[in-house]
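Student: Here you go, one structure.
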């Protein structure tokens, strides 16, 4: 193994993963569009119950069937991609761990710039930080990856229930209950003040005012203990994705048709009822303080995220497999170029919509309802499909993908 700079070639890419990645971009954007014109801190209060009419229907649909499911999908794809990248790097590189570390370092730089200077809802920095822990499991079998992944995924659920049960019994004491309610009110007041300041900054503020509001929100969400719950979840999903790659699921059409059918069946059996329960009964439950109601809602959210994510991915895999067996093209295959340019397209979403909404640019923050902005998100995603195909017919990589590759391998690759 002496070739130090041999990357994965275009012809070696797994087409199905690019299609799923292109589809995941839609779900990510449908989630993010809400928080391009709503402070991120507002997610601590759950579904926006102030919505009415068509805006409420669209918001509820996204909350129930999209929110959380597509970040789970992206995380699974990251875990699958980790195994593929590392296994190929071992064949062509003397130090594959160092190569993967550099890849994550560059991703962290993308994420840091994105989070600080464009939009605070970045996921890339989290992926880069948590992704380092994947190296601890690089030689693990599919079974071991699955067990560790499931355990880590369930760890935040267990912690939430522990806090909820402890709080439930502690609240039997009048003195403790009074102090807890006072603390909860103070937390809510702090969050509401932050939301109010952020809304004003995003709607009418200068770039420096938006930057200050963004950093305050990031500090609230991550510095307030959110990472304790979020990071184990992400690592668990990474490991489950890695277990899929080790066993050939979502990397092969012919070897695992039964696996896709099982994922679809069980994903719907567990995911759909959980999603509907949360959609009908969990929209007004706050997650700021642990309670038995919020613990149940959080548990079912996690089940719904996993179950429906598996179902969505399995539907795509089965559709593509059937098209391959019939030797015909499937319309889903048009998503592959957008998936190959997922990093560029993801960052473009933030750059475009913050420029459109924030006061330092076009300034349309709060001017349109949820239904209108969701329709706009779909239009942008649909436009990215032919644009990505056009771009890749002229260039080998998306611009951000090219920078990521060059920085990872430490050399300039041909762009065209």
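The chain as shown is numbered from 1 upward.
Any Cβ shown, glycine's included, is placed from N, Cα and C.
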Student: Under TrEMBL, which of the candidate ranges 188-207, 368-387 is annotated transmembrane segment?
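Tutor: Per TrEMBL, the stretch marked transmembrane segment is 368-387.
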Student: Do any residues, 6 or more residues outside the transmembrane segment (368-387), come within under 8 Å Cβ-to-Cβ of it, and if so which ones?
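Tutor: Distant contacts of the transmembrane segment (368-387): 22, 25-26, 29-30, 33-34, 36-37, 48, 51, 54-59, 62, 334-335, 337-338, 341, 345, 348-349, 352.
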Student: Counting only CB pairs under 8 A, let me know which of 20-40, 124-142, 149-171 has the most with the transmembrane segment (98-118).
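Tutor: Against the transmembrane segment (98-118), the leading stretch is 124-142.
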Student: Where does the mean pLDDT land for the domain 'DUF418' (244-411)?
Tutor: 93
